[in-house]
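Participant: This is the feature table in Swiss-Prot:
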COMPBIAS  1-21  compositional bias 'Polar residues'
REGION    1-24  region 'Disordered'
COMPBIAS  68-87  compositional bias 'Polar residues'
REGION    68-93  region 'Disordered'
TRANSMEM  139-159  transmembrane segment
TRANSMEM  174-194  transmembrane segment
TRANSMEM  204-224  transmembrane segment
TRANSMEM  232-252  transmembrane segment
TRANSMEM  262-282  transmembrane segment
TRANSMEM  292-312  transmembrane segment
TRANSMEM  367-387  transmembrane segment
TRANSMEM  402-422  transmembrane segment
TRANSMEM  447-467  transmembrane segment
TRANSMEM  473-493  transmembrane segment
TRANSMEM  504-526  transmembrane segment
TRANSMEM  543-563  transmembrane segment
Amino acid sequence: MSSTPTAEELALQNTVSQSASAHPELYHTVSHASNNSYQLPQLSRSATSNFSTSARFAARYPTTAGESFQNLTPVNSNPSNQNSKTEPNPDDVEKCIQDPLLQVFPVVEEPERFVFSIDPKSPLIAVNWPFKRKLKTTCILAYVALCSSFASSVFAVPAEAITTVFHISLTVSLLTMTVFLLGYCSGPIIWAPLSELSGRKPPILIGMLGFGIFNISVAVGKDIQTIMMCRFFAGFFASAPLTVVAAALADMYSNKYRGTAITLFSAMVFDGPLVSPIVGGFLTKSYLGWRWTEYITSFMGFFALIIVYLFCDETYSKAIIQGKAKEYRAITGNYFVHAKSEEEVLTLSDIAKNYLLVPMKLLFTEPICFLITLYSSFVYAILYLLLEAYPIIFGEKRHFSMGVAELPYIGLLVGVFIGSGINIAFEPWYYRKCLAQGGKPDPEARLPPMMIGCFMFPAGIFWLSWSGHYSYVNWVVPALSGLATGCGILLIFLQCINYLIDAYLFRAASAIAANTIMRSAMAAGFPLFAVQMFHNMGVGWAGSLLGFIATALIPMPFVFFFFGRKIRRMSKMAVDF
């Protein structure tokens with residue numbers, strides 16, 4: 001008694017019929033249990049069985065654009081009987097491979113290994129995504145970076161409040177910011193290699209989960225030891241997005257738009273530390289108290305975890321290909337399908353040599369990475385030093401109350417936005433330079449905005465120092481210095497990051513990790529001596545000392561602009577297109 005064919009059987013029959021019409025010499029008719037006739041290849045029983053699974057997969061899950069399998073050397077399931085097997089006709093096998101039905105798995109006597117690959121122009125690759133998808137992912141990643149940087153200085157104002165709660169000195173209380181930044185310093189050693197092994201998304205998810213948990217722990221901490229320890233681990237997990245986000249943006253954007261995307265990331269890196277002291281000051285002064293600075297930070301982290309998990313896509317091409325190969329294995333049950341990168345057999349020694357130690361190797365053996373990182377680290381550390389200097393200038397000298405004393409940070413914030421605008425306006429010029437050399441990145445063409453910033457940065461510091469030194473000078477004057485200082489900091493830091501990405505394009509995550517390690521170490525130390533330096537030397541001369549150092553670093557972008565290409569040619573790890 002015959003039964004009505006199912007929709008799956010009809011789809012399979014239709015697909016096979018089309019294939020049989022294309023290659024009738026390879027097929028013969030067999031009867032199915034439901035008395036429906038099917039055209040199957042003229043192969044052995046075992047091959048026909050293997051084909052059945054492949055055919056059903058091809059009918060239900062056709063290969064999408066840009067996906068393909070590359071045939072490797074056959075691996076016999078029973079090598080001892082290899083000589084007794086009938087070898088398939090190579091011409092027939094080639095026809096089967098070309099057949100739309102059999103393009104998923106070539107049908108041969110023995111199982112084979114297949115390398116799953118994706119065409120570089122496939123829409124699966126992040127750089128080929130539609131603009132809306134890129135914009136969505138970029139906004140999510142920017143928010144994650146903002147959460148991380150927000151937490152770094154949100155404890156700057158509460159640090160003074162906890163001196164009376166836990167009966168500690170001001171210097172000890174300032175360690176709450178230092179240990180967080182030391183966590184920043186240690187985290188990239190783990191997150192950068194992990195992002196190159198497993199993709200960009202897993203480190204961010206793990207980082208935001210740990211970030212939220214340890215910020216809650218700080219909020220409920222009963223003693224200073226608990227707070228210090230939890231702040232360190234919060235910084236360790238918070239360093240994940242700072243290490244990975246820039247590399248993820250490099251995955252998504254070509255030379256034309258990468259600089260604009262990195263501008264958004266850099267703005268978030270600086271906006272967080274400038275906004276959080278204002279929030280922290282008013283929260284600490286309110287009935288909520290200093291603990292709510294950490295509650296709010298943890299809520300931000302958990303929200304970031306949710307939106308990254310639900311809406312953020314993986315951007316690393318190697319991880320995307322591995323994920324698709326895993327999906328095909330699960331659907332077809334053929335565990336010979338794999339990505340090329342999965343053929344690598346990594347030992348602990350290989351992981352340490354090729355991944356864990358790469359950031360340190362870049363930092364201490366590559367002059368480009370070391371000098372560029374040194375400059376960006378100095379301006380980044382000055383930002384955290386100013387978080388301690390502003391309360392002296394506006395709180396102690398001008399008697400602003402808590403919260404209000406932090407409002408002049410808005411000047412720095414506006415300066416950061418001005419610097420971002422300058423960089424975005426510069427991007428078309430950079431893109432034309434890239435087109436002039438065949439569309440390849442030109443790291444030295446990134447540096448003209450830094451040449452502007454290297455003058456604005458020391459000018460802003462001198463402006464703040466001597467206008468802030470005299471209490472009779474209206475507070476607006478030193479507050480406006482933040483326009484020059486913030487703009488200079490952003491232009492220098494941003495182009496340093498862009499230069500590292502372009503110069504070490506295939507090691508971008510490791511280069512950013514090296515940068516994060518050094519700049520976090522310097523930022524951790526600067527606030528510890530800021531208060532004593534500004535008290536003992538006076539605001540004018542303490543600031544001038546920093547201004548003189550910034551002035552001495554002015555030649556840095558000019559040296560790399562004129563000699564950077566020659567230096568890169570001598571490098572073992574930098575790219576030279």
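For all residues, glycine too, the Cβ spot is worked out from N, Cα and C.
Keep in mind the model is a prediction, meaning the values are calculated, not measured.
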Participant: Is it true that the transmembrane segment (367-387) and the transmembrane segment (232-252) have 3 or more CB pairs under 8 Å, sequence gap of 6 or more?
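Facilitator: The transmembrane segment (232-252) and the transmembrane segment (367-387): touching, no.
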Participant: Taking contact to mean three or more C-beta pairs under 8 angstroms, with sequence separation of 6 or more, is the transmembrane segment (473-493) in contact with the transmembrane segment (174-194)?
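Facilitator: No, these stretches are not in contact.
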Participant: Rank 174-194, 292-312, 402-422, 447-467, 504-526 by Cβ pairs under 8 Å to the transmembrane segment (262-282) and hand me the top one.
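Facilitator: Comparing 174-194, 292-312, 402-422, 447-467, 504-526: 402-422 has the most Cβ pairs near the transmembrane segment (262-282).
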Participant: Do any residues, 6 or more residues outside the transmembrane segment (174-194), come within under 8 Å Cβ-to-Cβ of it, and if so which ones?
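Facilitator: Answer is 151-153, 155-156, 158-159, 162, 202-203, 207, 227-229, 231-240, 242-244, 247, 351, 355-356, 358-360, 384, 387-388, 509-510, 512-514, 516-517, 520-521, 523-525, 527-528, 531.
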Participant: What same-chain residues lie close to the transmembrane segment (447-467): Cβ under 8 Å, and 6 or more beyond its ends?
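Facilitator: For the transmembrane segment (447-467), the list is 379, 382, 386, 389, 393, 415, 419, 422-423, 426, 429, 473, 477-478, 480-492, 494-496, 499, 539-544, 546-548, 550-551, 553-554, 556-558, 560-561, 564.
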Participant: So what's near the transmembrane segment (292-312) in sequence-distant terms, Cβ-Cβ under 8 Å and 6+ beyond its ends?
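Facilitator: Residues 136-137, 140-141, 143-144, 147, 150-151, 154-155, 158, 201, 204-205, 208-209, 211-213, 215-216, 218-219, 238, 276, 279-280, 283-284.
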